[in-house]
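To keep things clear, I will list the structure first and then write my remarks on it.
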Amino acid sequence: MSWDQVWIDINIATMSPNISEPYGAITDAALAVQDGKIAWVGKRSDLPEFDVFATPIYKGKGGWITPGLIDAHTHLVFAGNRANEFELRLNGASYEEIARSGGGIISTVNACREADEAELFELGRQRLNALAKEGVTTVEIKSGYGLDIETELKILRVARELGKHHHVDVKTTFLGAHAIPPEYKDSPGSTERSDAYVDLVINEMLPKVIAENLADAVDVFCENIAFNLEQTERVLSAAKDAGLDIKLHAEQLSNMGGSAMAARLGAKSVDHIEYLDEDGVKALSESGTCATILPGAFYFLRETQHPPIDLLRKYKVPMVVASDYNPGSSPLCSSLLMLNMACTLLRLTPEEALAGMTRNAAKALGIEDQVGVIEVGMTADFCMWNISTPAELAYTYGVASCVDVVKNGHLVHQ
């Protein structure tokens, strides 16, 4: 017998719920890869005999293998930056005040409308490289910085191209309903103009996105500075009817009931959720919808309202941890930093945080049958870390500990 690869002198955090040990751990382990899949995993003492002359053997020097990390919420393709708004916030301006004065998302929209695809691709490639160096093997990229047909399609095309030219898998999300463009700004007491923009998203943008196969999912920002509950449901329902997965930015600044509505529609995830209440948590539990925690935005905006972690535990809602990398509220292109922040700021355990970037993140993207755990038959996406315990991934930051990355059975970083 021979395999494409065999890994020995390792410990494995499989993250499998089928193994009762913390992290689904197998110590003194071995792992075999064949045809891009995990062909065998278990104790090294149980490893079947194989042709050592025909099989490449990799020695982990006692380190740990984990599933490849999955960043399930990013806005990675954009132009420009918002360093000036950073200074405004430090001088007392709120996120909402900046947004209402024409800053925030709209300032990035203007930069993206001016940028061409080549510029956006190069910027996205650099950011994707940064995540890949930290063991990320799958990433979600949203649009939402165009807010017109041409630019929304441009951003999604760039995201698709990044996936074709990089070893990191890219899942794309259409977020045309990210903010209300200035040209559709409502008069006081009216939603006529923003309703017209929602019509544009549903009737013109979405069909073009589908025609070019540019999105795996559709997202909406449901908040008092963006889209109301009725508008949000219209967009999500249209996406669901078109056969796309749905997800939602919800309960970041207030409790509008978006999470419960999205759960009723079968959303894969609701994200941010600082103001999520117990009824909303129950709705997520009943629908199997994931709750995505975004500690980078919580930190950068200096928020004080914590996501309801204890309630999510109580009702066994899968918790996802993601970077929310974007120029305004989380300009932090580091998944490992998010693991640390999830623990130190939001009180997740290191095991919960790692599950949030592996097993649960895969569920949020609808790819839990392919990646996120190390089990026989799963895609061979995994990382080799120079650590003594998986908790180190959340405990320390700034020390390069990712030694190797295997993607689809191929060693891509060594």
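From the backbone N, Cα and C atoms, a Cβ is placed for every residue, glycine too.
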In Swiss-Prot, the 4-imidazolone-5-propanoate site includes TYR145, HIS178, GLN252, SER329. Which of ARG44, ARG82 does it also list there?
ARG82
Further Fe(3+) ligand in Swiss-Prot, beside HIS73, HIS75, HIS249, within candidate set ASP169, ASP324, ASP369, ASP381
ASP324
For ASN326 (N-formimidoyl-L-glutamate binding site), which DSSP three-state class applies?
strand
Going by C-alpha positions, which of the binding-site residues (HIS75, ARG82, TYR145, HIS249) is nearest GLY328 (N-formimidoyl-L-glutamate binding site)?
ARG82
Residues other than HIS73, HIS75, HIS249, ASP324 within 8 Å, Cβ to Cβ centroid, of the Zn(2+) site?
THR74, LYS142, ASP271, HIS272, LEU294, ALA297, ALA322, TYR325, ASN326, SER330
The correct three-state DSSP answer for HIS75 (Zn(2+) binding site) is coil
In the structure shown, which of the binding-site residues HIS249, ASN326 has the fewest other Cβ atoms within 10 Å?
ASN326
Hey, what's the Cβ neighbour count for SER329 (4-imidazolone-5-propanoate binding site) at 10 Å?
25
Smallest Cα-Cα separation from HIS249 (Zn(2+) binding site) among the binding-site residues ARG82, HIS178, ASN326, SER329 is shown by HIS178
